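Colleague: From TrEMBL, for reference:
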- 47-70: transmembrane segment (TRANSMEM)
- 79-102: region 'Disordered' (REGION)
- 84-93: compositional bias 'Acidic residues' (COMPBIAS)
- 107-130: transmembrane segment (TRANSMEM)
- 273-294: transmembrane segment (TRANSMEM)
- 301-320: transmembrane segment (TRANSMEM)
- 451-472: transmembrane segment (TRANSMEM)
- 481-516: region 'Disordered' (REGION)
- 482-495: compositional bias 'Acidic residues' (COMPBIAS)
- 496-511: compositional bias 'Polar residues' (COMPBIAS)
């Protein structure tokens, strides 16, 4: 059944292949290959060119907003005197709300454009929250896989160190005592010395495995290097506890260890997630208060939100440039991650390509690079067990004092064989390859999808804020000025029972010229019409 178990595999997604197929240009506008080489200056130039597209879009947005501002500030100022008579006619025929006629239709149009732009901004904010959550989920899966790989490698280091320490203890203690006791018996002395020689051979073989210095250097790294007796003590815990190897005061962790990489990624991801949440909240606050300002006709509130909209516009285009470069670089890596890991000098330092290829691909056709060392160690342990069994049968009757030392050696050998079987299981490629595949899926599936949604959010929010900045000056024209508000308040305070339309007609009549009162007309003998009273003297 074990041979029929399917090995997990990774295939690039459709989004990765599409982004990887984008053309690449350097600063001299020449086509470049889309191979992921982050340390190359030519590759960095292609990312700079792609991210500079957002700067060009920002300049276009500024020009569009500037053209609309010039249109509202200059063109409409000259049209006020020419259209004053049309405005008076519109006011006479209005119903009292100020939105009839040509001017009213224009104001309604501009206001609804601002409302539509704010609605688009709210949709972009929803997309941004979803993309931020997806990217966070991908990074969480990546860090969890790295921590699990860190636990596996630390367990391998612990098993190797315990096995080496136990064999060295048996050589320096019980076997030395047995050699002193068997000095007079050559066959027993030869068997004891063979056990010592085989123990030294197993120690040398296990020390040469050194998985922590080899395969751990590819993005899984290592947290302890086996060099003699310099082993970091570690108590194995379940991977769900997110284990990390705590370095001693004199030994710093390797920069390419999974524990260091996971901790660094978690810290950076926390800052990234918080930054996007603050940016999304800023956009949401600006959109909601713009709607409130339009509803309440609060000019000061719209002025404040216009300033914040300018800030949000710059942040949206800047984040879009950063996300574009990140998406392209991530697609280049995810299209063929094994090639980058195998060709990278950082990951390949001190590691043979066979070891890396074995753990990256975990193909059934490939044999473990440690298979020969493990087989020789197993044979050596079996021979030690055979010699000890022979001594137990033959030597204890003649040398009863050697029983205690012999039991100690057998106990150490039993614990060593148990550790050895666990070590063989951990050195199999399935565990580390599964962690490697899970980390790729978290980074290249969820992380890539989240970045694409964040890019869509930045683009939509930039367009929405551009439309908002273009339409807000036109919406201001619909707000009544301070003098109009003052006149309306005075007229309302004089007679609260007078209708709004009557007050507007009275105000328009006062502007055209007030009629003189009846007692100022000439002629003292004037009598009102339809009156039967005699004329006054």
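If you go along the chain as it appears here, the first residue is 1 and each next one adds 1.
Glycine is no exception: its Cβ is also placed from the backbone N, Cα and C atoms.
For each feature listed, report its degree of burial, its nearest neighbours and the pertinent distances within the displayed model.
Modeller: Remote same-chain residues near the transmembrane segment (47-70) are listed as 22, 24-27, 313-314, 317-318, 320-322, 324-325, 328-329, 462, 466, 469-470, 473 (criterion: CB distance under 8 Å, separation of at least six residues from the stretch ends).
Distant neighbours of the transmembrane segment (451-472): 15, 57-58, 61, 64-65, 68, 110-111, 113-114, 116-118, 120-121, 123-125, 127-128, 130-132, 134-135, 276, 280, 283, 286, 290, 302, 306, 309-310, 312-313, 316-317, 319-320, 323-324, 326-327, 330; these residues of the same chain sit at least 6 beyond its ends, with a Cβ under 8 Å from one of its Cβ atoms.
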Colleague: Mind checking which residues reach the transmembrane segment (273-294)? Cβ under 8 Å, same chain, six or more beyond either end.
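Modeller: For the transmembrane segment (273-294), the nonlocal Cβ contacts are 111, 114-115, 118, 121-122, 124-125, 128-129, 132, 135-136, 301-302, 304-305, 308-309, 311-312, 315-316, 319, 454, 457, 461, 465, 468, 472, 475.
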